[in-house]
Ligand SMILES: [Zn+2]
C-alpha cells in the first residue's frame with residue numbers, strides 16, 4: 001500500500017539538500033570571500049526554503065496531480081532553466097522526447113531523471129517516485145554560484161556550484177537519484193527527518209542514488225565506487241566525493257571543508273543537535289551495512305540487496321520513527337521472505353552485525 005500521498009497534504013516533504021548545512025557552515029567561515037560568499041548565499045537560500053516548506057505543509061498545499069494515464073513505462077520529464085535567478089521553475093528548455101541541446105546541465109539533468117525512473121521501473125516495477133507516473137521536473141542554473149541541489153517536494157533544483165569548492169550539481173547521477181529517492185520515501189515509509197529515522201531516510205537516498213549510478217554504468221557491487229557525489233568537488237579540494245558507503249569518514253579531508261564526519265559503526269554514532277541530529281552523519285552506519293551486504297552477495301547490487309531494502313521501504317512495516325535496529329530487523333525479515341533461509345539472509349544479518357546494529 002502506498003502511504004503518504006500528498007494530494008491531501010498528509011505527508012511532509014523533506015527539504016533535503018545534497019550538501020548538508022554543517023559543510024556549508026564551515027565553508028561560510030572561510031577567510032577567502034570567493035569561498036565564503038557563495039556558501040553564505042547558499043545557506044541563506046536553504047534556510048528560506050526550509051521555512052517556506054514548513055509553511056506550505058501547514059497550509060497543506062495540494063501536490064500537482066499527474067496527468068491521467070501517466071503511469072506508463074515512460075518517464076514524463078521537463079527541464080527548466082532558472083537563468084541564474086531563484087525563480088522556479090524558470091523557462092522550459094527541454095520536454096520528454098526532445099533532442100539533446102547545447103546545454104550540458106540540461107542534458108545531464110534530463111538523463112539523470114531518466115536513469116532514476118528506469119532503475120525504479122526495471123528493477124522494482126515502480127512507476128516514477130509516487131508509483132503513479134508522477135511527472136519529473138527539474139530546474140538547472142538555479143541562483144548565482146548556488147552550492148547545492150535539492151528536491152523541494154515537487155521538483156529537482158540544481159545549482160551551478162561556485163567552481164572553487166563545488167562544480168555543477170548535475171554532474172553526479174547519484175546526486176539526482178539521491179534527491180528523487182527522498183520523493184520515493186516521502187510517498188512510502190515517510191521516515192521522520194530527525195535522529196535515527198532521519199539518518200535512515202538519508203541512507204535510503206544514498207543507497208538508491210548509488211544503485212542508479214551502478215545501473216547506469218552496468219557495474220557489479222565489486223566494480224562500483226560506492227561514492228556519493230564523485231565528480232562534484234572542484235580540483236582544489238582534497239577529497240573524492242561527499243560520502244563513501246565503502247569507507248564512511250574517508251570521502252574528504254580538506255583545509256576548507258574539514259574532514260568527512262561519517263561513522264561506519266554504531267559504537268561511533270555521533271550525538272549532535274546539528275544537521276537534524278546528524279542525519280547526514282550517522283547515515284554512514286546503515287550505508288556501510290548496505291555496502292557490506294551487497295558486496296557479500298556479489299553481482300548487481302540492485303538485484304538482491306537493493307530488492308531487500310526496497311521491500312522494507314515500501315512494505316508498510318517500517319514506521320516513520322524507526323530506529324536502525326527496526327530497519328535492520330525488517331531487512332532480515334524481507335531477506336527471508338523473498339529468498340528463504342539462504343545466503344541472502346546470512347549476508348544481511350552479518351552486515352548489520354559488522355556495523356554493530358542489533359537485529360531481533
Ligand atoms: Zn538527502
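Quick reminder: no glycine exception, Cβ is built from N, Cα and C everywhere.
TrEMBL: automatically predicted annotations, no manual curation.
For reference, TrEMBL has these:
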DOMAIN    74-186  domain 'Peptidase M4'
ACT_SITE  179  active site
DOMAIN    189-357  domain 'Peptidase M4 C-terminal'
ACT_SITE  280  active site, proton donor
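Its Cβ placed at the centre, the residue listed as 'active site' has 27 other Cβ atoms within 10 Å.
Distance noted between the C-alpha atoms of the residue listed as 'active site' and residue 280 (active site, proton donor) is 13 Å. The predicted model assigns the domain 'Peptidase M4' (74-186) a mean pLDDT of 96. The C-beta environment of the residue listed as 'active site, proton donor', restricted to residues of the same chain at least 6 apart in sequence and closer than 8 Å, consists of 20, 22, 199, 202, 243.
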